[in-house]
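Asker: There's a structure below that I have some questions on.
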Amino acid sequence: MSDAKQNTPTKALVVFSGGQDSTTCLIQALSQYDEVHGITFDYGQRHRQEIEVAKSLATELKLASHKVMDTTLLNELAISALTRDAIPVSHELMNNGLPNTFVPGRNILFLTLAGIYAYQLGCDAIITGVCETDFSGYPDCRNEFVQSMQNSLALGMDKPLKIITPLMWLNKAETWALADKYQQLALVQHQTLTCYNGIVGKGCGDCPACVLRQRGLDDYLQNSQSVMDSLNSKL
């Protein structure tokens, strides 16, 4: 969708964690839709400070509404470094080839609940910041999975609800460029929470999420024009 809003009023629901990716998607959505809502999930996550960050950003960015939904049942079912404070976040993959920060079923649940809520709100689209290019080995960040969920929601609710993934084919440097394109680089850099240890902005600098975030930012700042050109070629 182009940045020019359409003549027919449009609504979107953003799956919004308060992190870099979802905040960037939210910023873009505000320029593309007449009405933007946010939904944040509280699943007892290790970095649960992100919920307060999401609330603050939702107010600052003037969302039409922002819902925080209790999904702590997921914490009981899914054992992960993100749902158990006693499990240290590891840089090594588990025996199944996945990082120990993978939360089984998380995006299945989140997109299902977002679909139900979007139906209630009358939204045209759900927007989520999952990414296959820079994804951390999570199977529920793949485009194939997202398309499958979109088809299931449309069939199950008899409504052509789209799941839009603006970052799916962007690398992390291009995601930073997208925030800069909307003049919100500083906000995303200093006010979002990506860190698995719950530290706002630059984060702990050590967990996998922080390493990926900082590497992308360094790449963008050192090669801003070429990265922006690459981003624009994908939009």
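Each Cβ is built from the backbone N, Cα and C atoms, and glycine gets one as well.
The ATP binding site annotation in Swiss-Prot covers PHE16, SER17, GLY18, GLY19, GLN20, ASP21, SER22, THR23, THR24, CYS25, LEU26. As annotated by Swiss-Prot, Zn(2+) binding site applies to CYS195, CYS204, CYS207, CYS210, with the evidence given as sequence analysis.
Describe the structural context of these features.
Answerer: In sequence order, THR40, GLU50, ILE51, GLU52, VAL53, ALA54, LYS55, SER56, LEU57, THR192, LEU193 are the residues near GLY18 (ATP binding site), counting only same-chain partners six or more apart with C-beta under 8 A.
DSSP assigns CYS195 (Zn(2+) binding site) to coil, not to a helix or a strand.
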Asker: Restricting to the chain of CYS204 (Zn(2+) binding site) and a gap of 6 or more, list residues whose Cβ falls under 8 Å of its Cβ, or answer none.
Answerer: CYS195, TYR196, ASN197, CYS210
Asker: Given the Zn(2+) site residues CYS195, CYS204, CYS207, CYS210, which other residues of that chain have a Cβ within 8 Å of the mean position of their Cβ atoms, reported in sequence order?
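Answerer: Apart from the listed residues, the neighbours are THR194, TYR196, ASN197, ILE199, GLY203, GLY205, ASP206, PRO208, ALA209, VAL211.
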Asker: Whole-number answer please: how many Å between the C-alpha atoms of SER22 (ATP binding site) and CYS207 (Zn(2+) binding site)?
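Answerer: Approximately 19 Å lies between the Cα of SER22 (ATP binding site) and that of CYS207 (Zn(2+) binding site).
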Asker: Taking the Cβ of GLN20 (ATP binding site) as the reference point, list residues of the same chain whose Cβ is under 8 angstroms away and which are at least six residues distant in sequence.
Answerer: THR175, TRP176, ALA179, VAL188, THR192, THR194, ARG213
Asker: Is THR24 (ATP binding site) helix, strand or coil when read with DSSP?
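Answerer: Its secondary structure by DSSP: helix.
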